[in-house]
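Below: one structure, written as structure tokens.
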There are 2 protein chains.
Amino acid sequence: MTKSSLQTPKGFRDFLPEQSSRRRFVVEKIRGILENFGFEPLETPTLEYAELLKGKYGEEEKLIFEFTDRGGRDVALPYDRTVPLARVLATNQNLSKPFKRYQIQASYRADNPQKGRFREFTQIDFDILGSNSLVADAEVIVASLAATKEVGFEKYILRVNDRKNFQGLPIEAIRAIDKLAKVGEYGVIDQLKRVGYDTKEAKALLKRVKNSSPTKQVKDLFKLLENYKVETDKYAFDPTLARGLDYYTGIVYEIEVEGYPAGSVGGGGRYDDLIGRFANGKTPAVGFAFGLDRLIEAAEELNLLDPYKVSSRVLVTVFNEKLLKESLSLVSLLRKQGVPAEISLDPNDKLEKQLKYADNKGIPYVAILGPEEVKTKTLTLKDLASGEQKNLKIGEVIREIK
Amino acid sequence: MTKSSLQTPKGFRDFLPEQSSRRRFVVEKIRGILENFGFEPLETPTLEYAELLKGKYGEEEKLIFEFTDRGGRDVALPYDRTVPLARVLATNQNLSKPFKRYQIQASYRADNPQKGRFREFTQIDFDILGSNSLVADAEVIVASLAATKEVGFEKYILRVNDRKNFQGLPIEAIRAIDKLAKVGEYGVIDQLKRVGYDTKEAKALLKRVKNSSPTKQVKDLFKLLENYKVETDKYAFDPTLARGLDYYTGIVYEIEVEGYPAGSVGGGGRYDDLIGRFANGKTPAVGFAFGLDRLIEAAEELNLLDPYKVSSRVLVTVFNEKLLKESLSLVSLLRKQGVPAEISLDPNDKLEKQLKYADNKGIPYVAILGPEEVKTKTLTLKDLASGEQKNLKIGEVIREIK
């Protein structure tokens, strides 16, 4: 085996306990909000037939991870979980609608990895399918704001636009304008020139877009958000916001977090035509996706995440081979009482080595069960942070460390 | 797009809300036990370099999902999460040992799908790395039994053997004997003949194995399990148990659930040499893996899982466009009070249609806010199961449905 095969492929990552635990913390916060809003969980597989994904993502399609399986069929890792969702809708006509689902899974893009962007990345998607009511757009927006707040962010804003503001423009021009916040006016004009506008036209177009007013839909949406009592500094109209994907048809939005300039932590919008491409009849849809990596990066930069703590509250040490029995009995009892506990695995290890294990791992307490303790049916509990030791009965221990 | 591309590839599945929710229920039960035992979470990526996986799984290697990426490198979907774990250990020398990790992720095998077996399947793995103490074996076993109990099973047994019982035998013979419970004595003898034994040798070998006594290690292990106060009907010595994988070196075990004959719900053992193949120095290891699909299938057959319930406790109906505002305000308030709630999305839908949505989705209550209710600052709460209706103040509603 070569040394390089010990690495993960480019853009694919391991998550060690600290990072895995942070990801779970953020995911569970958001899951709580989504269930509070009545979204239901859904999972789709890690492979799809490639044909399903083709023709859905515009020029980005070249980034699909595609390969041929043993049966000779072209398969692919999902580029997102929206197209698989559309497939689920098309093949499960019995799902009662409006169908509100959330999905927390990885997607895959053979992109060049950069800050906050990876080839395997997790998104937290939630969508409402089968409603063309503006209340559905509002529900998704209110849920996305509540979820952002729940993670611990205080200053954030949802920027909103209506794709109808760009009616008649080619997708390349829309994508160029969408980059305004990232590349500035000159950057946008440059990009517009590259897709066929001359300087004068490009400037005029950008000016026209920047000065456009909220559509009736945007105004009606903002009234709904008032009815939900969303704080008014949490959303704003942005006529240049477009979102990159081809399939949006109406209201679109992104959430930006103050103090995290790397980009939006999530975005979404209405896409009324996508599902109809898989199934008979039209299924209007609206949805949002958080990028978990960005959310975590932002939360880390703003110090919102507690330092990692192992679950174990106490390490039960082993005095010697003969007293191992007592320690096994204790660790078993603690666990049954709901106290996460570990036991030193090697009865021949010196106490010092056992304490060092607890210390390295960040376990706050150690329990010592020597001949004296066994005789008096007590144990010595040591708080590793303070160094304080107490001789306690077992019932007292549970109270002390729980 | 052809119709067949709307299917999932063979052996790959969608999980609709009911199934996804059951999977999560079982996973969270087991995760709770593993954290109670001090195992820490770990995640590895969906792609590995193919070279990493080669030469680790014996003849099963042909089932690896392998392909060439755009950069021309051979990559593969993980066949299990043990080899990736070994890679993590080898490349993170700073991990404090013994390292106790759990991992709940999918693995992939290009096998022919059959009952309870899929090409994409989730395993709940937990391992202790860096300890050759028998206490580590016992910890993994006790955790696996506690997790089985936590899911709700009452009658189950962990069958135990020592790979040293098979010392000197080729892996093909070991695999043949391992199938005894599945194919019976004649089946085993048949299989032994296929790998080069004559009938007499095959019979003698099977008899010898069946009559072999527990090794010292097994006896010592059982003493430890007694110290942990594991009920003695929950484990037993089985001289024919071997486990299929090549890499086991010591104690091996499987858990079987009474009333679920399709096979074990999980198994594991000691594998002291695998990690040393990736890194300098020996890292003894012991671990267990539950098959989530089998666990759920068994739990379903034994009726251990509650019927699926959506998270939403109440649907706030919308009387008309004019009163939408009141309903938005109410749903928002309920959610903030921690009551999972939905709102009817289309203000033009008749009340009957709104009630039908709640009923279809299994939402237990609906709240009705008509002109009369708005005037008296109350609402009508209808219990869909009993049909009972009450006129309540908002504070009372929360108490009623929480």
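Note: Cβ is positioned from N, Cα and C throughout, glycine not excepted.
Just so you know, TrEMBL annotations never went through curation; they're auto-generated.
Annotation source TrEMBL lists L-histidine binding site at B:D80, B:R81, B:T82, B:R109, B:Q123, B:D127, B:R243, B:Y247, B:Y248. Taken from TrEMBL, the feature domain 'Aminoacyl-transfer RNA synthetases class-II family profile' covers B:23-307.
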*Could you list the residues of the same chain, at least six apart in sequence, whose Cβ is under 8 A from the Cβ of B:R243 (L-histidine binding site)?*
B:D178, B:V252, B:E254, B:G267, B:G268, B:G269
*If you count the other Cβ atoms within 10 Å of each Cβ, which of the binding-site residues B:T82, B:Q123 comes out on top?*
B:T82
*What number of additional C-beta atoms lies within 10 angstroms of the C-beta atom of B:D80 (L-histidine binding site)?*
19
*When you look at B:D80, B:R81, B:T82, B:R109, B:Q123, B:D127, B:R243, B:Y247, B:Y248, which the record names as binding L-histidine, what is the longest CA to CA distance in angstrom?*
21
*Reduce the DSSP letter at B:Q123 (L-histidine binding site) to three states and note it down.*
strand
_Reported mean pLDDT - the domain 'Aminoacyl-transfer RNA synthetases class-II family profile' (B:23-307)_ = 93
_Chain-internal residues, separated by at least six, CB under 8 A from B:Y248 (L-histidine binding site)_ = B:R163, B:A242, B:G269, B:R270, B:Y271
